[in-house]
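Annotated in TrEMBL:
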type	residues	note
DOMAIN	3-119	domain 'Response regulatory'
DOMAIN	129-196	domain 'HTH LytTR-type'
MOD_RES	ASP56	4-aspartylphosphate
Amino acid sequence: MLKIAVCDDNQEFTNYFEEIIEEIYPNNQFSIDVFNSPIRLVNVMKNNNYDIFFLDVEMPEMNGVDLAKQIRDFDVKSFIIYLTSYSQYMKEVFKVNTFDYLLKPINKQELVSTLERIIKIVNASFTYFKYRKGGNLYQVPFSNIIYLEKNGRYTILHGSSIEEKFIMTTDELISQLDESFIQVHKSFIINSRYIEILRKNIVECRLTDIYSQSYIQLPLGRKYKEQARDKVFKLLENQT
């Protein structure tokens, strides 16, 4: 069961939104906690984990973008979806690794599409990347890989709790990866789930220690820039 947190200062809307989820998914695929105060949600997050956050953009105590930044301080892997009546915030909200952006009034079909894609990604997170080292075969869940680095004939796997160096060609490496991985440079392939900000010549990735605010900057190569940007925006804006 996936845990959802909904935060909107309009209690009438949060009640309606909760009813929609329960109507669409009557078999308890999701559990829902409703918050009408972003500060209360931040306090609850200290002792509770959520898989999915639905956030209003405009709230009096704290706007949704600042709230999302605080969520990322606790959890880099959760899915953040904005709920708002104003499309002009779209550029700003995608700076915090947002999964989707739904306009009010909520379209049920769009909501279903978003949740089904999340379910698909969660199921796929159990897919493993495999490599050989010292005659042994190892596997690492895709979800634990932040980025992969090529250094000559070696590949270096940088993960949330692991760093491994082994021999693998670029073609062998790419053949194992799914569309969530993006090549941004001849030496770097990044898991898009960890991309925080895409700058002119730099990709900034969030590391996964929830007690720190650690980032790493990787180069965005000229050869890969246009393709990488297109793929990042398509993933972030869900234009499949």
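Think of each number as a place in line: the chain as shown, counted from 1.
Here the Cβ of each residue, glycine as well, is placed from N, Cα and C on the backbone.
Annotation for ASP56 (4-aspartylphosphate): spatial neighbours CYS7, ASP8, ASP9, ASN10, PHE13, GLY64, TYR82, LEU83, THR84, criterion Cβ-Cβ under 8 Å with sequence separation of six or more. A mean pLDDT of 87 is what the model gives for the domain 'Response regulatory' (3-119).
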